[in-house]
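To start, the structure under review is shown below, and the notes come after it.
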């Protein structure tokens, strides 16, 4: 904006109604509209609200107009959106966001594909009604070297899964999750889903990850897992176009398909057999659900109904499954390959990461008139991992092959020719780039720093994993307004 234009904007005024959904910072109900200069920006508006509230210690505020965060002057906003200054503008204010600052990084010997957290607020602990004292949280990582590792918050490895000859994975791990504080599930390129018993010494400095159950059924790589411990169920997404449905209990699971067992593979080929000195029970799937026509990238349980599942695929589709009958209920077809999936139940939306660098928010309900309810843009490479904000119903974190994680507030949107579009609130880069003195922009498409997995935990924060062979932890609390 030129100096003369800024001067004119400062002289123009607009009537605004300031509101907040947070009761402790709301203005009295009888506070009517007030006239303010259209040249004001966030800082000046924040000062104004603090003065109206009579705060001795100023609170930094952010401002939303029609659901979008104000990032310009009011005058520029009015001009960009074709709104007359004669209009009474309703402006909502919330506490200012806290940047997701880097807390720690844990280094591995190989790429890290997957991360999960065990904390007092994590699903695994909540399902088991288990308490995890502050500071005793654990981070689980799955790596391309074929090993699972459990870490404490001091970046020490508490336990490592056994080698292939001792009952471990025989190829790279792509997915790993805590089922409970003493149970872990993992899967990967060896086509198996494996359950492990996790235990720690009394002092918490050492532990064991012991093979408990091997599940066979998929014929190609397994790309992701979802767990619902209360029903003892697991979902898997595989490159064989199938969605696997499994039991965590040996007694509930059917026999493993003979033709997929390692013994059959060693008989039918001349390749070296990895003889395991550990005899682990082997079982098969409750169901393998067909329908996708390309590799399945993700499968999840409905957050409110564990008898419903969703899956995404390279075939561009999102599919809904009835897990009671293992049948396909609905198919939503998009324009791009879908690579990641997360449920936002309060908004009846599913977030799907795409190969086209954006996130599509889809309403899976049959009554939904349009497939894409919203599009989130900002990544410069494929979006391969998604997780909900545990602090806010509106928040989402994404991990991308562009080497960043982006935080989204689905209230921060605008409408353009392509419909409702959102931009990220924050972008988290890899700390490893900073240490090398390089910027993310110098890595074409995220080369060397691709993010493969992300988890957002209320106690620990934003935990991401990637091609830089690191787990990275960033602050996750207060990043978005919780209203």
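Cβ coordinates are placed from backbone N, Cα and C, and glycine is handled just like the others.
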- line: Expected hit for region 'Disordered' in Swiss-Prot across 213-250, 251-288, 289-326 is 251-288
Message: Just to be sure I understand, if DSSP states are collapsed into helix, strand and coil, how many residues of the region 'Ubiquitin-like (UBL) domain' (14-95) fall in each?
response: 22 helix, 25 strand, 35 coil
Field: Beyond the flanks of the repeat 'WD 2' (168-206) by at least 6 residues, Cβ under 8 Å
entry: 113-118, 122-125, 127-128, 130, 132, 136, 138, 140-148, 150, 152, 156, 158-159, 161-162, 212-227, 229, 234, 236, 238, 244, 246, 248, 260, 274
Message: Considering only Cβ pairs within less than 8 angstroms, which of the stretches 117-161, 217-256, 446-483 has the most against the repeat 'WD 4' (291-331)?
response: 217-256
Task: Using a Cβ-Cβ cut-off of under 8 Å, list the residues of the same chain that are 6+ residues beyond the ends of the repeat 'WD 7' (446-483) and lie near it.
output: 21-22, 62, 94-95, 97-117, 119-122, 132, 134, 137, 139, 141, 151, 153, 380-381, 384-392, 394-395, 397-405, 407, 409, 425-426, 428, 430-433, 440
